[in-house]
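For reference, the structure discussed in these notes is given below.
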C-alpha cells in the first residue's frame, strides 16, 4: 500500500506530478467502468482517488484547467437529479407588453415609495435572456453548488454539469463575500446552436427545435460528459443568499459580478424615467436580430437595493421589477398538410404541417389548429399561404390564410369521420343537457385503437400516476411497437418475461445491464401505490387528479369504489352514491360507470390487481385542530413541499385553497409571501408561520 504525503507538505511541483498521475488513473478507470463494464478497483478505492484529486485542486487552485476532471470529464451519469431548496426563492417576474404599461410601472413604484413625480428614481434596464435560469452558490469564493430554478422554491442539483461551462469560474476573483448565490441565465448562441444541430444531423441524432430548448436539455443531462460537449454560456444578473452585499445598487452588484470574473450582459443601462426605459427598450428591440443569442424582452429593476427591500414582493413576483416582453412575432409560410393525432381519450386533434420557417430564432414546422370548427371558421385549406404567430414558448398558431395567394384548386378541408389509426367511427358527442355537439371529435374504437392504447400507457406511467423512472414516452412507444407492453399489466410482468426471453432487454439498442436493472427496480418500487394515484392512472375520462382524490376519499379503498361503480346503472342507489361524491355530478358518475362496465377494462383490472396493491386512503382526522377549516399556504416552505403540505392538511380534515377569501380560516406564510399575506391582514384572517403550523398539527 502506497503511503501518501499530506497535501500540505507537497511542493507545487510534487502536487502537479501527482495531479497528472491521478488524472490518468481516474480516466482509465472511467473507461473500464463506463465503456467496458470491467472495473479493476472497488468503489471505495475509486472514491479515494477522486477525493485526493479534488483535494489537490482545492489546495493548489492553479491545477484547475479546462481539462480538469472536476470540471467536465469522468463524472458518472446520475440516476436522477437531487433536489435543492432555494434559501432565497427564485421568483418569476410580472410581465408588461406596452409602452403605456412602462409608465404605469414607474408610477406604481413611486406611489408605493411615496416619491413625487420630480423625485429622482433610477431604474436599470437589461435584455431578458431566453435561456434557463440557474443559481450558482459560492462559499469562500469557490463554486460548491449549482441548481436550476425549478418551481422557484426547489430546483435540481446540476453542479457537475455547470462545472463544464467554461465561462463560469470555479473560483471567484477578488474579495467576494464568504457566501454568495449568483443567479443568471444559461443560454446557447445562434452560431453554436446551428453547429450543434449540424453535428446532431450528421450523427443521425435528434435535431433541436431552438437554442433555449437546446440549452435547457444540455444542462439537464444526467451525464455531465454530454453537457461538456455542448457549447453553453452564462450571464449573471441577480443574487440570492449573500453573507454581505458588495454594492448598494443593482448596477453596482452586476459590476461586482464582473469583477469577480462572472460574465455579464453589456447591454445593461441605467435609466431615470419611463421615457428613458422605453427608448432603451426600442433600441434593444432594434438590435435583437443582430444579437447572437435569443432575448424575449427587457427587464426593468429599481436600482437602489434599499428601495428594492422597501418595495418587497407581490404574490410570486418582486414589486421592484418587471419584464417588458417583445410583441408576438409573425411570419407567412405554406400549409403543406393537416395531420390528425389521436389522444388517450380518443380526441382527434388537427396539426398543421408547415413549410419550415424561422420565427424569432426558432424554426417552426408545426402549428396547432385546435379542432374542426376552428379550421372551418378560419377557412384554412391545404396549399394555403398562412399567417402564423409565435409568442414566447407558446405553440405557434395559425391566424388565418392569405386569401390573395390561395391556389385555385385549394379545397375546403374535410375533417375525417373515421379514426385515421384504427378506422373506427369518429363522432362528436351530444351534450344531453344542451343538445349541442362537443367541439372535439372522438374515436369510438377505445382499446381497439392503437393510438389510444399507447397514450393510455403513457398516462399510466406518468409523473402524477405511477411515476415509473426510466419508462417515458419514447420507451413506451418502442415497447409497444416491439410487442413487449400492450396493457398496464405487461409493465409489471416485463422482468419475468425478459428472464425467459432469448432476446434480452439489455441487448437492445439504447439499453445495458445498468439501465435495465434500474428500470426493473423502478417498476418493482411501484407495486404499492396510493389509491388516488392508482385511480388517476386508469385514465378514466373526466377523472383527473382532483376527482381521483375525491373518489379515494369518498370510498377509502379501490375495491369499494369498484363495487359501487360496477353496479351504478342509471337510477340505482349506487349511481346516486357516485353522483353525490363532493365535486362529482352526472357526467363524472356516467364516465366512471362506463369505465367499470366495460368488460375489457374489468379484465385488465383483474390482472393489474394481481401485480399491484392500491393502498387505502388514510382516514381524515375529524378531531384535528384544522378539521373543517380552509387553509391557504403561501411563500416558500422550508420543511416540506407544497404538495406535501396540501396532503398533510387534507389528511387532517382541512380544505386547501389557492387564494385568500372571506371563507379562508388560516394562512400559513413562509418567506417571500406577498399579496396573499396582505389580503389575509386586510380580512383579519389568522396567519401563522410554517413552524407554528407544524406545532399546531403536532408534526
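Even glycines carry a Cβ here, placed using N, Cα and C.
Given the structure is predicted, the values throughout are model-derived calculations rather than measurements.
Under the heading active site, N6-AMP-lysine intermediate, Swiss-Prot lists 128, citing sequence analysis as support. What Swiss-Prot records for 43, 44, 45, 46, 47, 92, 93, 126, 149, 185, 301, 325 is NAD(+) binding site, and it gives sequence analysis as the kind of evidence. Look at Swiss-Prot and you will find 419, 422, 443, 449 tagged as Zn(2+) binding site. Per Swiss-Prot, the feature domain 'BRCT' maps to 621-699. Marked as region 'Disordered' by Swiss-Prot: 1-20.
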Rounded to a whole number of Å, the separation of the Cα atoms of residue 301 (NAD(+) binding site) and residue 443 (Zn(2+) binding site) comes to 52
Taking the centre of the Cβ atoms of 419, 422, 443, 449 as the Zn(2+) site, the remaining residues of that chain with Cβ inside 8 Å are 342, 346, 418, 420, 421, 423, 424, 426, 444, 445, 448, 450, 451, 452
For residue 422 (Zn(2+) binding site), the closest of the recorded positions by C-alpha position, picking from 93, 128, 149, is 149
Taking DSSP H, G, I as helix and E, B as strand, the region 'Disordered' (1-20) contains 12 helix, 0 strand, 8 coil
DSSP tally for the domain 'BRCT' (621-699), helix/strand/coil in that order, comes to 26 helix, 16 strand, 37 coil
Across all protein chains shown, the one of the binding-site residues 93, 422, 443 with the most other Cβ atoms within 10 Å of its Cβ is 443
Most Cβ neighbours within 10 Å, among the binding-site residues 419, 449, goes to 419
Looking only at the recorded positions 93, 128, 149, residue 419 (Zn(2+) binding site) has its closest CA neighbour at 149
Cα of residue 449 (Zn(2+) binding site) to Cα of residue 149 (NAD(+) binding site), in Å and rounded, measures 40
Taking all protein chains shown into account, the Cβ-based neighbour count within 10 Å for residue 301 (NAD(+) binding site) is 24
Closest by Cα to residue 128 (active site, N6-AMP-lysine intermediate), out of the binding-site residues 93, 149, 443, is 93
If you measure between the CA atoms of residue 443 (Zn(2+) binding site) and residue 93 (NAD(+) binding site) and round to the nearest Å, you get 42
CB contacts under 8 angstroms to residue 149 (NAD(+) binding site), restricted to the same chain and 6+ apart in sequence, sorted by sequence, are 90, 132, 133, 134, 135, 155
